[in-house]
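To start, the structure under review is shown below, and the notes come after it.
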């Protein structure tokens, strides 16, 4: 409890260091981006600068504060945020998931008291979405689009933030010198930033929080100074009237400059994606009490200074550093560079979180996920993604070598993600929150109209850098959709080629082969039936284990699965066959156990299933297989070595058949409560399970190769034979496979004709 309280108390402070670094550094480049190019120019009448300030204030207030902090943060999926979390949240409440057996609402809502009420109040939108598969595909593509744009933002934000901070050197040294210093310094900082990621958000947040606090204090103090010293009437520009005046005077140029203005809300989506790292309340407190007031003062201060200065060398210099007093520029430059590194951290950690969600739901190839915190499981590090982001980030920085094109690129990525979030959020309001469809339409129309305006202004900059996020998103989207498509085809092949249980029953209790001592653990994606890999194995080898367990490890679209709901255990065929099915379910924020703990929990669950009578069905027929939810550890499993030492404290409980100590071999003993009534048949089955456990456990894994059927279309052959197989060979296997002892593993190869 003390640890939880300590973590909760420090959360707002640490969230400053990780979540808000991105949005806090936007004053570095918003005004510069708005006045970049020939779209608008700063004139003596100040209509342009006042109009930009008014747009910045209201965009920050409506999008960041109202939409994200007060509304969207409430739509977290068990504490997880991001566009894909919204998608999984919808799939949990509507049968809209495209991956068969991936888990929808009904398999994890048995303990939800108002689940029946929700099903009874199914809206027309829900019915339509469940009925038409084309709408489900469009929903998935839409979610993938937002996810890919967020990954693109993870490439562009570090480049723009750091490059904008370093660009302050041009006011402190000659332009000829800056040309040779700015780019190398930016690249060096970016390399250091990505090299720090393996330390984890917990440590990074602790280091970066003071930097962001100093930065916010710095920009708010300078802003307040500029307001008082240069133009204390600048607050009038906060009126929406100045937006109208701005568009009336600048017309098309003003509309095109909106692509730079919208950068004031960059980081809002990263804030939402970082929900897995910090709590909703801590993020809200930090934004409302500290970040938002500091940003408003910073933007007002810049506008106040610029409104009294009209003779810049060119409009490209209009920005943050010109409003900083000359004596403070070097200290502020150092703080700004450090703050830009923090700002980049926000989107990088958000990218890690959303890719983990996609990978857990079979929409992204397997990657190594490192949990960097022992207390907060949402804090992760993905090495492959980290280095890919670094390479792409350096490429766009060197390729563009200016903030104008980087700003255009980032603007389109940011606003696309926000549009996707708005659309998915309107569905959440209806399908998950069960609110009126008029409330959802109001949310969609109000925020959607604002974002469409900004989106159109960003899209016209396609040839000036906006093509980058579109290209990156297209590449990532192809990868994700090919992987998802291949996973579905593989699953469908397993379902169509599974072995009939009647075939198994005809083999008899011995299965037509020699049954040797031990437990055979057969991994399969099927939740029912006998996988084809089993028949492939028994027709080529003459022996199998005395106890067979068909194990299916499923990632379901919920953040966490409670321990008492993790194991589903059933029996295949009559009791004397000693065949069991175990389905183990993990949420996308759950940490899978190591092999020893998992093995113990698995055996305990089967033992409890046997003791409780299980699905007593000697007259077994195809399709009648029942699974029971078993809490692991219901029957304690004790292990002792050859010297007789017991792994656990003494217990007055009654033991089943004390085993003879055999040197150099671990022995397993189940301990039952005194009140337990165990008949001879159950005792015999438990004894067989203990004997098999002592003999050892073997893991049988399928090693499949996908190949398109003859006669398939050219596109399908390319997708399956080349793209999917390439991704499969170069991606990591299931996370449970990494914990399996190699000495006890047997791989069975099969070719899947799909």
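Each residue, glycine too, has its Cβ placed from N, Cα and C.
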Listed range which TrEMBL flags as transmembrane segment, given the options 232-249, 358-375, 466-483, 484-501: 466-483
Range annotated as transmembrane segment - as stated in TrEMBL, picked from 83-103, 104-124, 440-460, 503-523: 440-460
Given ranges 206-228, 528-550, the stretch to which TrEMBL attaches the annotation transmembrane segment: 206-228
Transmembrane segment according to TrEMBL, located in which of 27-48, 49-70, 555-576: 49-70
Segment assigned the feature transmembrane segment in TrEMBL (from 1-21, 253-273): 253-273
Beyond the flanks of the transmembrane segment (253-273) by 6 or more, those residues with Cβ under 8 Å of it: 19-26, 29-30, 32-36, 38-40, 48, 51-52, 55-56, 59-60, 63-64, 67-69, 72-73, 81-83, 150, 153, 157, 246-247, 283, 287, 295, 299, 343, 346-347, 349-351, 353-354, 407-408, 410-412, 414-415, 417-418, 421, 453-454, 456-458, 460-461, 466
The transmembrane segment (380-400) versus listed stretches 138-160, 206-228, 412-433, 440-460, 466-483: most Cβ pairs under 8 Å: 138-160
Rounded mean pLDDT for the residues that make up the domain 'K+ potassium transporter C-terminal' (518-753): 71
Same-chain residues near the transmembrane segment (440-460), Cβ under 8 Å, at least 6 residues beyond its ends: 59, 62-63, 67, 71, 255-259, 261-262, 408, 411-412, 415-416, 418-419, 422-423, 425-427, 429-430, 466
Surrounding residues of the transmembrane segment (49-70) on its own chain - C-beta under 8 Å, 6+ positions past either end: 23, 30-31, 34-35, 42, 234, 236-243, 245-247, 249-250, 254, 257-258, 261-262, 264-265, 268-269, 271-272, 283-284, 287-288, 292, 295-296, 299-300, 303, 306-307, 418, 422, 447, 450-451, 454
Best-contacting stretch, by C-beta pairs under 8 Å, relative to the transmembrane segment (466-483) and drawn from 138-160, 180-199, 206-228, 285-308, 412-433: 138-160
Considering the transmembrane segment (138-160), which listed stretch of 180-199, 206-228, 285-308, 412-433 counts the most C-beta pairs under 8 Å: 412-433
